[in-house]
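Colleague: This is the structure, below, for whatever I ask next.
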Amino acid sequence: MWFPVEECSLRIALVGSSASAAGAFNGAIAYGVGHLNGTAGLEGFSWLFLVEGIVTVLCVPLVLWFVPDYPARAKWLSEDDKQYISDRIAVRGGGYTKEHASRKEILTTLFHPRMVAHYFAYLCDMIPLGSMTFFAPTIVNGLGYDSLQANLMTVPPWIFGYCVCLLLAWSADTRNARGDHVAASSVVGFVGWLVQAVLPADAYKARYAMLFLCASGAFPSANPLSGWVTCNVPSIPAMAIAVAMNNSCAGVGSMIAQWIWLDSEAETGYKTGNAVCAACSAGAAVTAIGLRLWYGHLNRVGARDARGQQRVWLL
């Protein structure tokens with residue numbers, strides 16, 4: 001942990017929103033690489049794996065050097081810098097520690113209704129996010145573009161989602177209002193998916209415009225949700241468990257997203273996929289509002305965490 005938890009949403013957004021930027025670049029790269037189909041005896045998808053895989057492998061040495069797990073282990077920081085960072089995060093118990101979470105802390109992190117609500121909200125957001133990630137070209141293809149054009153046409157919604165993502169995460173941290181921002185973003189996504197579900201299949205321009213609302217709902221909500229659950233874990237040593245549970249929900253959501261876009265509905269505008277994503281966006285919004293009210297109540301009554309320590313629960 002490198003930053004105080006109340007500053008995490010923006011930092012997580014800078015990393016997480018890279019998925020939006022990557023999606024934009026991926027669409028553009030796929031469009032270009034698609035024209036290499038047959039070159040050197042390789043199909044277009046093989047060239048795509050080679051181009052993107054080589055870049056990933058080349059980044060490994062940079063990550064190993066510049067991204068150590070704790071500030072105390074960073075070789076490129078001076079001792080004063082290490083101490084400054086450690087002092088900032090120690091206020092909330094972060095940083096390098098050999099403490100272990102107790103059984104009570106682990107069980108609370110896994111099964112407490114408040115934490116389960118966090119995981120549920122993240123799952124609800126991951127289904128629309130997974131739909132945009134895996135099926136944006138398919139969705140655009142259903143709007144009347146061929147496969148190569150579809151890859152290129154996915155770029156603007158991804159870029160728009162990237163910008164909204166950073167703005168919303170910064171505002172959520174600054175205003176200490178993660179629940180409100182997640183709810184607002186999810187409502188925007190809900191409108192986008194719902195309109196997609198009810199529009200005629202041949203309303204190409206309107207359906208493409210709705211992708212911008214869908215991107216503004218799915219991407220921006222994910223990062224405040226990730227930061228929020230780390231801010232309000234039952235105890236700091238249990239943070240890794242909360243992050244793992246959150247990420248597991250992301251995997252489940254991505255799997256669900258792969259099954260809701262039915263080939264048989266391509267001619268009718270993928271009604272099922274859009275309706276499911278609309279319902280999930282609504283679920284994320286309602287859950288976020290519920291959690292925001294819950295944390296407000298915990299602060300009013302002075303609720304302690306699983307270690308019996310006084311906490312200020314972040315909204």
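Placed from the backbone N, Cα and C atoms, the Cβ positions cover glycine too.
Annotated transmembrane segment per TrEMBL: 12-33, 45-67, 119-140, 152-170, 182-201, 207-226, 238-261, 273-295, in sequence order.
Looking at the shown structure, can you explain where the listed features end up?
Modeller: Within the chain, the transmembrane segment (182-201) has long-range Cβ neighbours (under 8 A, six or more residues past its boundaries) at 121, 124-125, 128, 142, 164, 168, 172, 207, 210-218, 220-221, 224-225, 228, 267-271, 274-275, 277-278, 281-282, 284-286, 288-289, 292.
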Colleague: Look at every Cβ pair spanning the transmembrane segment (207-226) and the transmembrane segment (45-67), keep those 6 or more apart in sequence, and say whether at least 3 of them are under 8 Å.
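Modeller: By the criterion, they do not touch.
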Colleague: Go through the chain and flag residues at least 6 beyond the ends of the transmembrane segment (45-67) whose CB is under 8 A from any CB in it; none is fine as an answer.
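Modeller: Contacts of the transmembrane segment (45-67) (Cβ under 8 Å, skipping residues fewer than 6 from its ends): 26, 29-30, 33-34, 36-37, 39, 75-76.
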Colleague: For the transmembrane segment (119-140), find every same-chain residue at least 6 residues outside the stretch whose CB is under 8 Å from a CB in it, and list them.
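Modeller: Long-range Cβ neighbours of the transmembrane segment (119-140): 19, 23, 27, 30, 147, 149-151, 153-154, 157-158, 161, 182, 186, 189, 193, 208, 211, 214-215, 217-219, 221-222, 225-226, 229, 245-246, 249-250, 252-258, 260-261, 270, 273, 276-277, 280-281, 283-284, 287-288, 291.
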